[in-house]
């Protein structure tokens, strides 16, 4: 087959072949070869003349490129299909073709070309449209003599595959070519593409001829199961009070969204992206908009708004309505919402075996479609349409297993082996105690081994079976709730009263418990109304028989209002003075006038009102009082001519004496006034004519059954809330029982609450939990808490100190029996080979768990009956041949490598020259010459480059780079301190050089003039910790008595042998130990010592052992270990670490002793590219030593520490980039995002300003900068500066029996001669104060040294160490001083000797527990007498910190060692107990609390508070405050609790100074006091009674009356009055206040009389506005008629 020409040639050919332009213009165009796309049709293709679709075929499923014959060719005349051509496009979907030729000429049936799609991935956003590229190819070709900028013409239905373009800015459309290039889309809204000028169908799967279409969910050829249709409508409830309302939330990924609102409400969108950014989008005009990368079409009509979004949504859209008019709106919504969690099948898990036949499983995992991450399965169970696929199982590794060294591969699985299974743990406790909660359980996948062992395996092995249920509901019963008992009877028998009920907290079993919400408690009291009037409305006589004046009706009087003329205005009538019979009503009548100018009424004297005054009293009768019919018959009519004024009359009956079974009532006679019928005194009536006594029977009906109640029983509780019960029966009058329904009255309560007051705090003890073990010593725990039962039944948890009595034990031992013997195995060893098949071994021991929890090894015979465990198993490593080939391939592909050596090098003697290898960390002496080698692979050594602290190094007099790539430095000095980097292509390694000065401290590197680049993890202002350590080590090595190492004693010093130890495992041979001794000896002779990190770890461990044995003092050993670990455990940078680009080498890798390994840059390993230059933004770091500035404005760069002083007003922290670029800055404080405030000002460009900082502003401020290339972060500490404070303890300490004594400075210390004494000087201050020690009257001795924490160590003290030691702590803010006095005593224990006599023999008891007879020459053994000897050491008193100690108490024993009663040794002097510190190490962080403060108030309700901080107690005794995140949040104690005092003595309420004003700005304030004793006031001392009144200053009393101008006279002529406004105002603000504030001052008059012109004067107009009065028809009013007399008369 002929080879095809390059794409640009083909494109040029097509342009000239199909262009209608003249050939003369072709020479001006060099061709469109710049286009990345090209035509498919080959040169001279026979398809040029065939445009019919019948000549085309496509096989989109055939992706092969092999030259083979097609199986579909039946006639066999076709040759094999050729290779696929290059794709016509590089992105966006193109076409590729394949050709075949007919072997017999043109007699073959079928097509000779086929097509397929290719490059189906989307083009980048900035790529130009393919059709536009083809049009722009003609921009350099003249058309009709002119050049045009051609733009594509899309969606031509007549010729979709013709290249039609229109000239920009012209109304000119031209078909520039009959065919577009293959792969061009036919239309912009479909995937169909043009091939050879014909539009061919393309499905959503991007395949030719495919009919696949996207379903409603956007899934190609999907079934619509990944989304659900959401449709409906809702009514928008917006109003002037509720301006906005959420209508519907449409989540990210939704499609075919259509939201329509019908009505006046305005519809808008609130968006929220996955990154958390929010936005509001409102549109007023229709159009197509882009919202969060989502196309939104907005349509608007008069009463309709519609949003159409094809989707998918790129953010969450919340559609809201906003109020515009008072009319309801209806919102209709329709969209397809994606199912946010779907199942996805996983890949097959690894085969269960490597050979011999196994199986593989896969599973299904639930995936969050939005976040694209795996989530728990229950998220997918929420959707019913989500059906979890079943796991698939298939065989694997069917090849037979090879044999190796006689061991055959053990097949863990066979057809008879049970498959792995799920096993679950017990259910957890329910999440809630009632109301329905959940409980969970965990499960593991286990399998049974060939030996019957149940082993836990990976979860995927059990995926073939459904997982057990991990969650279930529990405690479904109702929670306790308030239940109200029946209401009591009303407290009154008539009218309005109260009734009560008992409200209890009842659980689902009907028991009275606590736990109900007090705020939801039902009310226990309410008002009640008895529908029986408190009088009996029974008429004494018919209405017709009453006198006329008794038949009065309520007159409807005309309501009077004040007018411009003074008028009598009545007040409302009062109630009738009686409820029955005649009474009186009264009212007030006042003279009032209406002031027109203020429209207010004012009161006038009565003489100002004309006319009669209205009545102020009138009689009333609500109804007649009760009387019997008989009384009316006894009425004696009065003669008409009688002059009698008073007479007797019956006024009803007394109440009936019984309510049933017959009672009686007496008639009541009263003396009445005949005319007024008012009751008067009986003495006014003639006693002779008093009516006779009369009685009548009443309530004669039989009595109904009634409720009978018994007495209340005892209360069920003494406090909190108890219950009392009583018997309630329904009984007939004869005490016979009756059914309860026959008792018509309300049943009395049979239950009531009692003792409703809070109980005192008490211990609440719960049940013991299950023992932690069944044997071998376990523990049982229970909760013991201090609780208080409240009146509502709930419990209040209190602190333990509030409960009286001892607290019960919360734990106890259990299962104190020995466990039976059992077999225990260790861990499997490493595989014996690195490739192929090997073996693993493990050890097995027989042991027993004793009752006290110790594991006791036993003889193997004790476990002989137990089934043995497998001790050997095979292991399969990768095939050796495969590893070798991979290594070769890997080594061949790798770039340069640097062969670094991770070692620590310490120089002890002066040497002229030292050789180092890259990767080391060296501590050298000044003036030493050093050569640093940089061995490399696959790199030319002469091209090696060197850097120091990030700057390139060049050859100089003192520094040079050899041809082999080594670095030479002559005569090391302070400027040479730093980090040196060897760069070999993409590989980098470093070496750290530091210098040890003559004072055995590290020499500080001089400050650089120019800002230098810092490397994370490097502390260039590092303290002289190693110098202190090295000083001690040189003292140890130069001490001739202990540690001196000369040529003869190097191999004989046990201390050095113990220090060096074995750096290999315990299986190392003696030869290796001797070799290391020789290496060590040689190193010391050479004046230096080099060790790898594993050796250094061994050194630390052995030094700890020497400390325990006493060969090295505790303080010295602790100091050395701490300093060496702190110095050498630092992370050593192996390459330039740009944040966000490369990973940091973990420090653990530097402490594993990986010597001689090939090291390479981690970034080079990851990418294999030269990327040590930063790509993303890099912050400028200019490290400065911490210092305090007393300026008002402090400017600092990020990464430095800033101190706040009392003078500080503004702090500016700059966060600049090394290379300015666009980036986003984010600031946080203590991990919390900073927001702008009054004190915090963020400018968004990398600067933060803190104004008027206080202690609240101190913290860690972190600046984070990011852009699309990467990010960087740095932080600064802002601290509040404090002067030093020494936490001294003024107490005397006498410990002559201790070998090691540690005290806090302050007081007097008495120690034994030869002891080691540590005087600690704990100090607080910011910045950390410097500590120095002095001795008064002399200098510090040679055995005195300063420890790293500021403590003073005195070793092997002697008499010359006695004296006063002064600790001085200083920082920039001040100085603090504390002293301790040291006295030395003789040692008491254990060198004490006890002498006792028995008979004529003297015995001496020494600390060695041997007794000698001083007077017996025969050597006769002493009598078997008891004696004192040291006992066992006690447990350490603390698990960490600096206060741990253990005690060795003496015990009385016999000669055979048997312990006896101490009473047998009373005649002997008892030795003092031994004492030594223990567990001196850092404690984990925990919560510390201060003591509770006093109540915040002296009376009433307040609170106690305390400080809660997270601290860590360190081994040196100091307490370090750490971040609260270091402590467990759930264990955080309360910082506040309520407290209640006696009621407060309060000044009466009101303003700040209430009461009556006593003068200018002075008031009288008073309060009430009461004696708090329960009995009476006599128990209080009157002399101490608080004052009841006081004068107080009140601005409210600084007032005065203010008068306004007089208004015109109210009378147009004659006599009238005029008024003015009188206000009470504040003298300072001149604002009106309440008039009661001015009552102490005389009020000016507000009105006065006035006289107008004479009323009989001429009729003239007295105002200029009379013309308007006439036109407005106001002449009918007297006021205007008088003032406009002339005008009104003319009308």
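Here the Cβ of each residue, glycine as well, is placed from N, Cα and C on the backbone.
Residues or ranges marked as domain 'TSP type-1 1' by Swiss-Prot: 75-124. Annotation source Swiss-Prot lists disulfide bond at 87-118, 91-123, 102-108, 576-620, 580-625, 591-609, 831-875, 835-880, 846-863, 934-982, 1215-1263, 1321-1367, citing similarity to another entry. Feature annotation from Swiss-Prot assigns N-linked glycosylation site to 293, 681, 797, 1102, 1191, 1330, 1343, 1349, 1432, 1516, 1574, 1591 (among others). What Swiss-Prot lists as domain 'TSP type-1 2' is 418-468, and the listing cites sequence analysis. The annotation domain 'TSP type-1 3' is assigned in Swiss-Prot to 478-535 on the grounds of sequence analysis. What Swiss-Prot records for 564-626 is domain 'TSP type-1 4', and it gives sequence analysis as the kind of evidence. Annotated domain 'TSP type-1 5' per Swiss-Prot: 703-760, in sequence order. Annotation source Swiss-Prot lists domain 'TSP type-1 6' at 763-818. Here Swiss-Prot flags 896-992 as domain 'Ig-like C2-type 1'. Marked as region 'Disordered' by Swiss-Prot: 1146-1184. Taken from Swiss-Prot, the feature compositional bias 'Polar residues' applies to 1156-1169. As annotated by Swiss-Prot, domain 'Ig-like C2-type 2' applies to 1185-1279. Annotation comment: Swiss-Prot describes 1296-1378 as domain 'Ig-like C2-type 3'. The feature domain 'TSP type-1 9' is assigned by Swiss-Prot to 1483-1545. Per Swiss-Prot, the feature domain 'TSP type-1 10' maps to 1597-1644. Taken from Swiss-Prot, the feature domain 'PLAC' covers 1655-1691, and the record attributes it to sequence analysis.
Of the recorded residues, residue 91 (disulfide bond) and residue 118 (disulfide bond) place their C-alpha atoms 8 Å from one another. Considering only the recorded positions 576, 797, 1321, 1432, the residues lying within 10 A of residue 1349 (N-linked glycosylation site) on a C-alpha to C-alpha basis are 1321.
In terms of local Cβ density within 10 Å, 1215 ranks first among the disulfide-bonded residues 576, 609, 1215.
Applying an 8 A CB threshold to same-chain residues 6+ apart, the list for residue 1263 (disulfide bond) reads 1179, 1198, 1213, 1215, 1225, 1226, 1227, 1246, 1248, 1273, 1274, 1275, 1276. Across the structure, residue 87 (disulfide bond) and residue 293 (N-linked glycosylation site) place their CA atoms 30 angstrom apart.
In this structure, of the disulfide-bonded residues 1321, 1367, the smallest number of CB atoms within 10 A of the CB marks 1367. Per-class residue totals from DSSP over the domain 'TSP type-1 2' (418-468), listed helix then strand then coil: 4 helix, 18 strand, 29 coil. The candidate set comprises the glycosylation sites 1191, 1349. Of these, 1349 has the most other Cβ atoms within 10 Å.
The average per-residue pLDDT of the prediction over the domain 'TSP type-1 3' (478-535) is 83, rounded to a whole number.
In terms of local Cβ density within 10 Å, 934 ranks first among the disulfide-bonded residues 123, 863, 934. When Cβ atoms from all protein chains are considered, those within 10 Å of residue 1432 (N-linked glycosylation site) total 9, not counting its own. In the structure shown, across all protein chains, 87 is the one of the disulfide-bonded residues 87, 91, 102, 846 with the greatest number of other Cβ atoms within 10 Å. Counting every protein chain shown, the Cβ of residue 293 (N-linked glycosylation site) has 9 other Cβ atoms within 10 Å. The glycosylation sites listed here are 681, 1343, 1516; among them, 1516 has the most other Cβ atoms within 10 Å of its own Cβ.
When the alpha carbons of residue 1432 (N-linked glycosylation site) and residue 1516 (N-linked glycosylation site) are compared, the span between them is 27 angstrom. Nearest Cα neighbour of residue 831 (disulfide bond) among the listed recorded positions (108, 293, 609): 293.
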